[in-house]
Amino acid sequence: MVERERTFVMVKPDGVQRGLVGEIISRFERRGLKIVGMKMLEVSEELAKQHYAEHAAKPFFPGLVSFIRSGPTVAMVIEGKDAVSMVRSMLGKTKPIESAPGTIRGDFALDMGRNVIHASDSPESAKREISLYFKTSEIATYARIDEQWLYE
């Protein structure tokens with residue numbers, strides 16, 4: 001049995017407004033990752049401040065909070081082997097100009113402040129961020145029909 005890890009992913013307002021949600025979900029699913037939780041929401045100021053708490057003292061914090069609240073977002077819990085590192089590699093670098101073609105940011109993002117997507121940077125961050133956005137009852141447990149072909 002393969003040990004599966006969960007990570008938190010959010011399509012930011014720019015990704016939602018540009019109609020990229022379906023393409024992004026498809027990339028994760030085609031890679032063999034499983035979406036076990038998903039919701040569209042408008043992030044409250046309180047939730048935005050909790051989510052980005054580690055940046056509270058930084059000069060860009062107010063803009064970060066303002067942007068994440070500027071429109072609807074799509075929050076997801078994604079599960080799979082090494083999900084945190086797998087998803088991070090699929091996203092590309094935070095600065096889109098440094099992101100390789102074929103990554104989500106390399107293909108769709110132009111500006112660091114509007115970089116389409118957020119994902120947890122560690123298993124600890126994933127647990128914290130998942131708990132901010134999802135109740136345990138909102139996360140599904142199921143097996144993909146192709147799991148026997150994905151993992152040894």
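Cβ coordinates come from backbone N, Cα and C, glycine included.
Every protein chain shown contributes to the tally, and the Cβ of K12 (ATP binding site) ends up with 23 other Cβ atoms within 10 Å. According to DSSP, K12 (ATP binding site) is assigned to coil rather than to any helix or strand. Per Swiss-Prot, the feature ATP binding site maps to K12, F60, R88, T94, R105, N115; the stated evidence is sequence analysis.
As annotated by Swiss-Prot, active site, pros-phosphohistidine intermediate applies to H118. Within 10 Å of the Cβ of H118 (active site, pros-phosphohistidine intermediate) there are 20 other Cβ atoms, across all protein chains.
Cβ contacts within 10 Å of N115 (ATP binding site), excluding its own Cβ and spanning all protein chains shown: 22. On the backbone, the CA of K12 (ATP binding site) and the CA of H118 (active site, pros-phosphohistidine intermediate) stand 7 Å apart. Sequence-distant contacts of R105 (ATP binding site), defined as residues of its own chain at least six apart whose C-beta falls under 8 angstroms from its C-beta, comprise L91, G92, K93, T94, P96, S99, N115, V116, I117. Per the record's binding annotation for ATP, residues K12, F60, R88, T94, R105, N115 show a top Cα-Cα distance of 22 Å.
Taken residue by residue with DSSP, R105 (ATP binding site) is part of a helix.
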